[in-house]
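Pasting a structure below so you can have a look.
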Amino acid sequence: MSLSVNRYLKEVEEIKNKATALSNKEFSDTIDENGHQYVDLVMEGGGVLGLALVGYIYILEQAGIRFIGIAGTSAGSIAALLLSAIDVPEKEKSERLIDMIANMPINTFIDGKKDGDYDPKKFMDTATGLMNSKNKSGFKYFSAFLRFLTTTDNLKIMQGLNRGDEFESWLKKQLSSFNIYTVNDLRKRMATTPYGWKLRSTSIDKPSQLEGKQSLDELDVNHDYLCLITADLATEYKVELPVMAELYWEKPNDVNPAVFCRCSMSIPFVFQPYTVKIPHMDNNLQLKWQKYTGISFQSRLATRFPPPIACFVDGGIMSNFPIDVFHNPTKIPARPTFGVKLQLDDHSHEINSTLDIFAQSFNTARHAMNYDFIKKNPDYNKLVSFIDTGDIGWLDFSMCDANKLKLFRLGAETAYQFLINFDLHNYKKIRRDITSAYQTSLPLTKLNRYFKNK
């Protein structure tokens, strides 16, 4: 029997009360008449660890924070899409998000190549047990190998252990309960401007934040405030959806956004890649590809571009924490971008086996882009939180209730510590210096004094 929403809320009741007391603290210069403060939010991918993200979101909402731009990869994309769909930006949404994520039937997502195919689940349970075991004996490796042999037909037929159909169906059902069926439906909801939407009157950065205007622009229904990251193996591009959907779908506004999430969470080998036939290339589509990717159609190689079919897998293989998606280096943001990661940045690994080399090659590739961005933009060290999910397995599709509660609490604790320590004015001071350096082309080395503040 699944845990109730109230059980999760009771788990963090004391944290919630402390967070509510912080509602008068300044976290953003974008506010409304009801005292809400608005930020953008970026969430890291992490398999089935999404409940930690929900705990983080819940505590931020208790402090009066609401979200405009929302981005994520893999598990982060699931939380991002549902958070976007539940209601308009000014509404509190996390309790409904708890209900959906906590009761997400993750066990059924291991759906094999057809109904009744239990081999992938048996293999994944064995492999997860091996990864979490402190005593990795030869017998355990052999047992996992035997289980793997029973799944090779899945990999041959569909390049993955599981279809991913059950996940997509479940997500579409959740979205339909909020009357979200298309990208257009979602855009309208996310672009609902909060009542009394304005810039904080005491902000000293108005010229930069307003860019010469008298007041904040209302939210724009033609703008994508959602960003889900996936990787297209066929073109080798990181793809941001829905903004880049017009490259892959002839009618992108009519696509159910659950499809984008299905693309983002397709963990290689665990789930079948999501494939889409790329539309016929004409001059208009060429211009769009150039806009989003920079590809030159004057080159010899472009005569073979694009491939006939896009092959989408988990965006985490390229950018597991897309903290750069809302970044504008030319101005002081009216609302900061808060980021939350599902693990500590551990830069110390022992490499003792071929398996270690394989795992760390993958991890290095998926983290490098984000590390490089934060290195060049040290102000983000003030905006990013790390939830230490410890030894809870990111592929544990049979997670127990105790670990679910633990994840939720870890996210809540991390959020509260972030709120306590965050200093909007210090962050904006750093951002002013960086923006000035960008505008005057000063070398970044002059900003090195901020790197120590990570």
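Cβ coordinates are placed from backbone N, Cα and C, and glycine is handled just like the others.
Remember, it's a predicted structure, so these values are computed and weren't measured experimentally.
Sharing the features that TrEMBL gives for it:
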TRANSMEM  41-59  transmembrane segment
DOMAIN    41-327  domain 'PNPLA'
MOTIF     45-50  motif 'GXGXXG'
TRANSMEM  65-86  transmembrane segment
MOTIF     72-76  motif 'GXSXG'
ACT_SITE  Ser74  active site, nucleophile
ACT_SITE  Asp314  active site, proton acceptor
DSSP helix, strand and coil counts for the motif 'GXSXG' (72-76)?
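Here the numbers are 2 helix, 2 strand, 1 coil.
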Which sequence positions outside the motif 'GXSXG' (72-76), separated from its termini by at least 6 residues, show Cβ-Cβ distances below 8 Å to it?
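Here the qualifying positions are 42-50, 53, 227-229, 264-265, 267, 314-316, 319-322, 342.
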For the motif 'GXGXXG' (45-50), DSSP counts of helix, strand and coil?
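Summed over the motif 'GXGXXG' (45-50), the classes give 1 helix, 0 strand, 5 coil.
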Which chain-mates of Asp314 (active site, proton acceptor) that are at least 6 residues away have a CB under 8 A from its CB, listed by sequence?
Gly45, Thr73, Ser74, Thr230, Ala231, Ser264, Met265, Ser266, Ile267, Pro268, Phe271
So if I draw a 10 Å sphere around the Cβ of Ser74 (active site, nucleophile), how many other Cβ atoms end up inside it?
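Ser74 (active site, nucleophile): 30 neighbouring Cβ atoms within 10 Å.
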